[in-house]
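Listed in TrEMBL:
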| type | residues | note |
| --- | --- | --- |
| BINDING | D12, D13, S43, N96 | divalent metal cation binding site |
| DOMAIN | 7-189 | domain 'Survival protein SurE-like phosphatase/nucleotidase' |
Amino acid sequence: MTRKKLILLTNDDGYTSDGVNTLYRVLSRSHTVYLIAPDREQSASSHSLTLNRPLRLHRLDKCRYTTDGTPTDCVMLGIHSIFKKRHPDMIISGINHGGNMGDDCTYSGTVAAAIEGAILRIPSLAVSMANWEPGISMTRAARFVARFLPVYEAMQLDPSIFLNINFPPDSGKPYRGLEYTRQGFRSYRDIVIHKTDPRGRAYYWIGGWPKWRSTPGTDFDAVQRGRISITPMKLDFTDAGALERLRRGLQNS
């Protein structure tokens, strides 16, 4: 039987997002869940903190709050304001509308909230679905997360490691399994789009369509094949192999 947990739930799509609210409803059946989410969309906010103005925390009901900040702000406010007496057992960020795989993780506010949890040494999950269409049900994904929690607890990972979970789009058919993966790679074409407004002034949209290599063992490959991808991620960006080569080169110089 799963031990009842105290969970801090956040996202980067905002507190009205179907993904985070579905996950809140499902997890609240078995756990004590506090939702602390941005009051507006904060996609691609990465690990940014709001340092140039005060933040406001608005209470919606007993266990749900919004703030005018980023996902990382949400975690900081939760830990240092709402959870002052007892830290949560776990931080979960999502379910995000759209995948967070490969290099996109560096931009993702969803992943950044889990990174903040790892910095605080609190077990953390980032959860996303690789679908941007409105109206797609998040219920099956949310139920999977709820069932996965005791599995995650049994892993006994170092809390500086967090898991990045990506679901394929929910087609109504069963998922084709689960795969533990590494980060893949993708790039964007036409990433900066140049337009001219009716007054002749230039403006720009940052966007474009991605392309990726479907390399076996990666998050992109698993999701493309209809499988749930789970990637263990860590805070230390150091390349141990390169570091050792540099040290050897220094000794030999």
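Glycine is treated like the rest: Cβ placed from N, Cα and C.
Overlay of TrEMBL feature records on the structure.
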residue	record	DSSP (3 states)
D12	divalent metal cation binding site	coil
S43	divalent metal cation binding site	coil
N96	divalent metal cation binding site	strand
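Cβ neighbour density within 10 Å is lowest for D13 among the binding-site residues D12, D13. Report note: the divalent metal cation site is defined by D12, D13, S43, N96, and the residues of the same chain whose CB lies within 8 Å of the CB centroid of those residues, excluding them, are N11, G14, S17, E41, Q42, P71, H97, G98, S108, G109, T110.
Each of the binding-site residues S43, N96 was scored by the number of other CB atoms within 10 A of its CB, and the lowest score belongs to S43. On the 0 to 100 pLDDT scale, the model's mean across the domain 'Survival protein SurE-like phosphatase/nucleotidase' (7-189) is 95.
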